[in-house]
Amino acid sequence: MATTHLTAALALLCALLQVDIEASSWWSLAMNPVQIPEAYIVGAQPLCSQLPGLSPGQKKLCQLYQDHMPYIGEGAKTGIKECQYQFRHRRWNCSTVDNASVFGRVMQIGSRETAFTYSISAAGVVNAVSRACREGELSTCGCSRAARPKDLQRDWLWGGCGDNLEYGYRFAKEFVDAREREKIHTKGSYESSRTLMNIHNNEAGRRTVYNLADAACKCHGVSGSCSLKTCWLQLADFRKVGDFLKEKYDSAASMRLNARGKLVQVNSRFNPPTTNDLVYVDTSPDYCVRNESTGSLGTQGRLCNKTSEGMDGCELMCCGRGYDQFKTVQTERCHCKFHWCCYVKCKKCTEIVDQFVCK
């Protein structure tokens, strides 16, 4: 009898370990900045074997492009921060957890939220690698060689050192999609649909960065006159990328696998999603209450806006459970005056503010 219980316990432990392994992600590079060793130390473990969350294919790319790894981590961090900004007033607010999965079990569900997270993190890598190329931080790329835009005025020069979107896009595609492409699933399985979903949303994120990049120009001339302009390709502010993908989140398409193993739209009356749209295969879990099986952290203790009727309002954020009120003291600069020459002097003002948190 004891042997039976021991066997069952070991089986459960192995299953839990397997879930943890599968849930680990390259996103974890955002939580622990990658340090490239300046010199090789005899007996030291290779860098790539020490990095958590990398798939076999990603480890191979790491070995070939070690100098890229800090920027992959930087891109993931940029994506996570933007995700948290975009969802700061939602029940699910892109919270991270303290393990290699970064977002916990909630990413094991193929929901709209998962779709956004995959897209914004892939976008972050394109952003970081493209800029690193321009700044001369990587050994295999440099300034952009993008063709001159057709709508650029004839007398403006196309040159300078632009962000290398072409390289950033290609490398992000190879690295981020490596985990998905090396998976082998039974045709028609749920796992197969998740892989297709992830690849689609990764691509949507990358294309958003690529498509939003635009020409930036600098004037040249005597006494600041703009008799000549030099222009180059420049990344859009990442907030624009986040705003665009948040709109795509709101209009994301519900998908299912067809008999041929392809993702098709559940509601065929709508236009099929393009490569710029987000797709999902599962309905979102209930984010109102904490649930370890789905990874939902719930909204208990979240700040809410008593006067808002939107998602940040106490009625919706607290899911009808009610809220508690407390007072906080806030200090800010006030009564600022400019003094000649040349500084601004301010006083400090304090006020007592009512705040509300979900029960």
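Quick reminder: no glycine exception, Cβ is built from N, Cα and C everywhere.
Annotated disulfide bond per Swiss-Prot: Cys83-Cys94 (among others), in sequence order. Secondary structure at Cys83 (disulfide bond), taken from DSSP and collapsed to helix, strand or coil, is helix. All protein chains considered, the CB of Cys83 (disulfide bond) has 26 other CB atoms within 10 Å.
Cβ neighbours of Cys133 (disulfide bond) (same chain, under 8 Å, six or more residues apart in sequence): Cys141, Gly142, Cys143, Ser144, Asp163, Asn164, Tyr167, Gly168. Under DSSP, Cys133 (disulfide bond) is assigned to a helix (H, G or I) in the three-state scheme. Under the heading disulfide bond, Swiss-Prot lists Cys133-Cys141 (among others).
Cys161 (disulfide bond) falls outside any helix or strand according to DSSP and counts as coil. Annotation comment: Swiss-Prot describes Cys143-Cys161 (among others) as disulfide bond, evidence class similarity to another entry.
The disulfide bond feature in Swiss-Prot is assigned to Cys217-Cys231 (among others); the stated evidence is similarity to another entry. Spatially close to Cys231 (disulfide bond) yet at least six residues away along the chain are Leu152, Trp156, Leu157, Trp158, Gly159, Gly160, Ala215, Ala216, Cys217, Lys218, judged by Cβ distances under 8 angstroms.
Taken from Swiss-Prot, the feature disulfide bond applies to Cys219-Cys226 (among others), supported by similarity to another entry. Note on Cys219 (disulfide bond): other Cβ atoms within 10 Å of its Cβ, all shown chains, come to 11. Under the three-state DSSP scheme, Cys219 (disulfide bond) falls in the strand class.
Listed in sequence order, Arg91, Ser296, Gly298, Thr299, Cys319, Arg321 are the same-chain residues at least 6 apart in sequence whose CB falls under 8 Å from the CB of Cys288 (disulfide bond). As annotated by Swiss-Prot, disulfide bond applies to Cys288-Cys319 (among others).
Around Cys314 (disulfide bond), the same-chain residues at least 6 positions away in sequence with a Cβ under 8 Å from its Cβ are Cys304, Asn305, Lys306, Ser308, Tyr323, Phe356, Cys358. Under DSSP, Cys314 (disulfide bond) is assigned to a helix (H, G or I) in the three-state scheme. What Swiss-Prot records for Cys304-Cys314 (among others) is disulfide bond.
Residues or ranges marked as disulfide bond in Swiss-Prot: Cys318-Cys358 (among others).
The disulfide bond annotation in Swiss-Prot covers Cys334-Cys349 (among others). Around the Cβ of Cys334 (disulfide bond), a 10 Å sphere holds 11 further Cβ atoms from the protein chains shown.
In three-state terms derived from DSSP, Cys346 (disulfide bond) belongs to an extended strand segment. Over all protein chains present, the Cβ of Cys346 (disulfide bond) has 11 other Cβ atoms lying within 10 Å. As annotated by Swiss-Prot, disulfide bond applies to Cys336-Cys346 (among others), with the evidence given as similarity to another entry.
Look at Cys341 (disulfide bond): DSSP puts it in coil. Taken from Swiss-Prot, the feature disulfide bond applies to Cys341-Cys342 (among others).
The N-linked glycosylation site feature in Swiss-Prot is assigned to Asn93 (among others); the stated evidence is sequence analysis. In the structure as shown, the Cβ atom of Asn93 (N-linked glycosylation site) sits within 10 Å of 18 other Cβ atoms.
Taken from Swiss-Prot, the feature N-linked glycosylation site applies to Asn99 (among others). Under the three-state DSSP scheme, Asn99 (N-linked glycosylation site) falls in the coil class.
If you look up Swiss-Prot, you'll see Asn291 (among others) marked as N-linked glycosylation site, on the strength of sequence analysis. Packing around Asn291 (N-linked glycosylation site) is summarised by its Cβ count: 15 other Cβ atoms lie within 10 angstroms of its Cβ, all protein chains included.
Among the features that Swiss-Prot reports, N-linked glycosylation site is placed at Asn305 (among others), with the record citing sequence analysis. According to DSSP, Asn305 (N-linked glycosylation site) sits within a strand segment. Other C-beta atoms found within 10 angstroms of the C-beta of Asn305 (N-linked glycosylation site) number 17, with every protein chain shown included.
Per Swiss-Prot, the feature O-palmitoleoyl serine maps to Ser223; the stated evidence is similarity to another entry.
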CB within-chain contacts under 8 A for Cys318 (disulfide bond), separation at least 6:
Thr299, Arg302, Cys304, Cys358, Lys359
List the Cα distance (Å, whole number) between Cys341 (disulfide bond) and Cys334 (disulfide bond).
20
Using a 10 Å radius around each Cβ and all protein chains in view, which of these disulfide-bonded residues has the most neighbours: Cys217, Cys226?
Cys217
Below 8 Å Cβ to Cβ and six or more residues apart, same chain only. Which residues does that give for Cys94 (disulfide bond)?
Ile80, Cys83, Gln84, Gln86, Phe87, Phe103, Glu113, Thr117
